[in-house]
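Peer 1: Checked Swiss-Prot, it gives:
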- 1-50: region 'Disordered' (REGION)
- 640-757: domain 'C2 3' (DOMAIN)
- 795-822: coiled coil (COILED)
- 976-1094: domain 'C2 4' (DOMAIN)
- Ser1000: phosphoserine (MOD_RES)
- Asp1066, Ser1069, Asp1072: Ca(2+) 3 binding site (BINDING)
Amino acid sequence: MAKEDTGVTAPKKPETAQVANINGIDKLEPPKTKEETESSKSVSSEKAAHASDESFKRSIHEASYVGWKQIGGWEDKDELTLDDELMDMTRETFLDNIIPDSLYGDWYHSVAIFFIGGVASFALGHYKFSMGSAFFVIVITSLLYRTSAKKYRGSIRELVQKEFTVQKVENDYESLEWLNAFLDKYWPILEPSVSQLIVQQANEQMATNEAIPKFITQLWIDELTLGVKPPRVDLVKTFQNTASDVVVMDWGISFTPHDLCDMSAKQVRNYVNELAVVKAKIFGITIPVSVSDIAFKAHARVKFKLMTPFPHVETVNIQLLKVPDFDFVATLFGRSIFNWEILAIPGLMTLIQKMAKKYMGPILLPPFSLQLNIPQLLSGSNLSIGILEITVKNAKGLKRTSSILNESIDPYLSFEFNDISIAKTRTVRDTLNPVWDETLYVLLNSFTDPLTISVYDKRAKLKDKVLGRIQYNLNTLHDKTTQRNLKAQFLRNSKPVGELTFDLRFFPTLEEKKLPDGSVEELPDLNTGIAKVVVEEGSRFAEEEQKVTAYVEVYLNAKLVLTTGKATDTGTLKWNSDYEAVIADRRKTRYKFVVKDGKGEEIGSTIQTLNDLIDRSQVNKNLIPLKNQKGDIKITTYWRPVRLEIGSNSVAYTPPIGAIRVFIEKANDLRNLEKFGTIDPYCKVLVNGLSKGRTDFKSQTLNPVWNQVIYVAVTSPNQRITLQCMDVETVNKDRSLGEFNVNVQDLFKKDENDKYEETIDEKAKVGRLVMPKKKPKGTITYYTSFYPALPVLTLEEIQDLDKVNKKKKALELRKSAIDEKKISKEDKAKFDQEWNEVKELEDMYSNRQKLDLPELLQYNQGVLAVTVLNGELPDSGLYVQAFFDDNGHPRFVSPRIPSRIVKNGWSGDVIIKELDKSITTFRVAKNKNYNRVEKCVCEVELPTQELVKNCYYKPSILHLSGEGSAKLMLQISWFPIDTKQLPANDLITNSGDLTIMSRSAENLIASDLNGYSDPYLKYYINNEEDCAYKTKVVKKTLNPKWNDEGTIQINNRLNDVLRIKVMDWDSTSADDTIGTAEIPLNKVKVEGTTELDVPVEGLENAGQDGGMLHLAFSFKPRYTISVSKREKKVGDIASKGLGTGLKAGTTVIGGGVGAIGKIKKGVFGGLGSLTNHKKNHEMGEEETKF
């Protein structure tokens, strides 16, 4: 669109012109086409894209004048000198020397002058003088008034100066003149940039805002300045004797324009007041409206609630002690000679002040205040601060109203915030002493709004009658979150009409916390919380260029909870409606979105589980296709966990769709955070920000090689998988080296039966590590694969399905008995809701199999879900860790348990590769980061298969023993993975104990002068410098026979290489290496003995024949642990390796899973006892009895 000619010529810009460059884009250049313009970060790309399509005819208009310099026409020559600033504003006039001082200069003198001028004009007219004679009266009156008014303004300035000079009566207010002086100096410098930013943002929004009527073809700010005079802080008062974590302050703030009277033209160009000119183009006519000389004065009270963690301020309460005094000049048609002052309308200013008091009163005026939750605002979620649990017990002594219609009282309670009902109890029939015993959960946005509890009488054909109300102050819940057996009086006409007994509990929203290194602390994976669903927009509902009118109905678990407004357009329809709800069971919560046209006919619909909606928002896949490809709808979902104490629902596990295998090979060029030395890096895998597994750390390196596999369970294809590199810290928290999100969308493929397929991606991928506010540095090389889970029903879902089938039969019977003509609309809507809920649940469970436990146990690979319901620990402040198979680090860890009794449970999962050989270990530790070999308080170890058998159908108690004893109540679920076998690298046959039988050698190289050697062998694993095992020495021979045997630990048989050094023993000097050999350990068979003849290569030249070694190997598979115990030292970490192997004849210490032979009582309560096990667990040979 061409730039509009407003008929006003902009003045020449000064050399210091304001630059409108935001994020590399000049916002004041003429608007470009959609293809040329890149979206601003302040507006979504969708909004920017639609700004130029057919439905958005407005363009972003350029402002004519911005900033005080452009508004005032200031140029460099107008800079005030010292003489200009000292110019006398009370310059005398001719009449000052003639008229006595007592006859002019006060307000009543001005009244007298106008009175005399009026009388003189009347006299001239009465005596038939000509019109010209009135000119002399006007001149004389004007001169007298100018002289008197000028003196009067001078006297006012002197009075103000006197007020500043005289010492005030003592008070406890303080001034902030240092801040005012700072603003006076820098405000004229900052104001042009601030005004420019306001204009850019406002004009951009007004060009894309659909709420503006279509007949307004353009709307923009044409001129804007905040003036050269900044706001002032007039007074500050800090209250004493408040709590240590509470700060209360009074602030007086004012904003007053300059008095431009008696100033010279040069001074006026330097003292510019506030001005805003907004122009609207309506039917081709440009209409300007200007607002200038804005003045206000406010007195506010601010309360800060402090806390220890960042941002250190928990809440801020703002209260205006009175309605602010404000004034302004508003004119229609701008500053032209035809302008019309809007406030000249009689009574308009009074009306504005009254309306301000009416609408500000319930929010900002005493006793109310506006509460801001700072952590919530910083998180950007804009959700409620928590959930309020209301347990209504009973009411006593309700009194009837005087109405003659009250034959019986059927009371129920309604809970309200700001006259909006948020929850209701059931109705109790015909009683004045109702008992409800009902628990309700409501969203709480602020502690400052009182909770209104109204008791109503339910009436069939009349409106329900209010019997009484309670206004309950919730401020006490901030410090005391649980309040039992509260009693409050219902009031009617300020008289008690009954008493209510109830309980209140507040559960706060759990927010993410940023750590000093920029990383975000993990939130617990809870099943309860707050969900906010925003229906933003929709598209493709009709053919191109066809105008569509549509709205959306949102159903939560088959109940209609939101109906958006109607939107009409030819392209994208925008609704931007949201619904926030308390979620008691996230995994079972589902939303149905139905798009209907203007006539109420359905266009399309989609059913999404809450988990899927959350995952879509995590990976920015918010556009959801409707059924039968009838369009798309954009849904954004916000989720915050809340730890509700409602039993196992809060920690219930969501069934997975499969497992992703992440093979983490290595990292290169990592960031070194150490001032001295080098980092000790490891890698974590996170799912939606929650840690699900990690590698071992590699000591002192920037280029670690891990070659470790981590499996993570996923519940939808839209979950966010993240690889994060960390540096080990023994004293403080581990530090982040960067992270990146893994693209796994290509792994999820379905067959013709709509079931997920196994996908193995053998191509190596490289991801660059990114840190907040730092340049990317370092890469990780990894591989990914996907193994689908068998879709099976959980025990709870089987029970739910049985209930659904029973309910369906009951509804079918009711349907056959219903008379369509006699049924009311309410009853029909209720029946339709129940029927739709049954159909949705049937559809949700229709694609899953029902398998009993014996059938499930036929699958050897699967996802093991562990839910800890409650328990008892030996002490407070401990953590419960779970280890599986060869995990050196805990697969999942409980939150810190503040007391000995475990009240709040948790859940976790792990992929079991071989159920019949798997081992599970639970440990209670003082530090959540302790690994498998570090000290614990108590532990228990048992076969995973037995754990499934004993805890699948019902929870069982697990006993842990050691320095102390503990009990945990567990519930187990088993979800088979639909694959024949996982990669050999991940199985138990890839790790274990390698027994080396060094038998003999032939034709070794002579090293001594006598033509012989004193040979022995040294064995090394891969490139390790420490010897894993060495043989005895056989002296003076080239054909030794050792017949020696030793056992070493192998963590990766298929990829490890055994290096051999043939050594010559010397009594007087260091031993010499006379040859080397290598054996890939994948040549060693898992079963039986492997005989190998290994050629030796000499050191003098490549390929030199150094003889032949005759060796034999036997391998015993078992799960090994490659972690080491960390010791704290000054400035560094010293590690004691436990997985490097030992000399011949010794036993592997700490290498295998720990024994449970020390446990003398039953692992499961009331289920018997465990037999003793060997220290080195031999898979497949032990039996566990219950």
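The backbone N, Cα and C atoms fix where each Cβ goes, glycine too.
Neighbours and distances for these, please.
Peer 2: Secondary structure of the domain 'C2 3' (640-757) per DSSP, as helix, strand and coil residue counts: 8 helix, 52 strand, 58 coil.
Computed over the coiled coil (795-822), the whole-number mean pLDDT of the model equals 85.
For Ser1000 (phosphoserine), the same-chain residues 6+ apart in sequence whose C-beta sits under 8 angstroms from its C-beta are Asn1039, Pro1040, Lys1041, Trp1042, Asn1043, Leu1109, His1110. Ser1000 (phosphoserine) falls within a strand segment according to DSSP.
Within the same chain, residues at least six positions away from Asp1066 (Ca(2+) 3 binding site) with a Cβ under 8 Å of its Cβ are Asp1014, Asp1072.
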Peer 1: Should anything in the same chain at least six residues away from the coiled coil (795-822) have a Cβ under 8 Å from its Cβ atoms, list it; otherwise answer none.
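Peer 2: Distal contacts: 588, 652, 655, 831, 834-835, 838, 841-842, 845, 848, 850, 952-953, 973.
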Peer 1: Within the domain 'C2 4' (976-1094), how many residues are helix, strand or coil going by DSSP?
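Peer 2: Here the numbers are 9 helix, 55 strand, 55 coil.
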Peer 1: Excluding Asp1066, Ser1069, Asp1072, please set out which residues of the same chain place their CB within 8 Å of the center of the CB atoms of the Ca(2+) 3 site, keeping sequence order.
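Peer 2: Apart from the listed residues, the neighbours are Ser1007, Asp1064, Trp1065, Thr1068, Ala1070, Asp1071.
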Peer 1: For Asp1072 (Ca(2+) 3 binding site), just count the other CB atoms lying within 10 A of its CB, please.
Peer 2: 16
Peer 1: For Ser1069 (Ca(2+) 3 binding site), which residues in the same chain are close in space, meaning a Cβ under 8 Å from its Cβ, but six or more apart along the sequence?
Peer 2: none
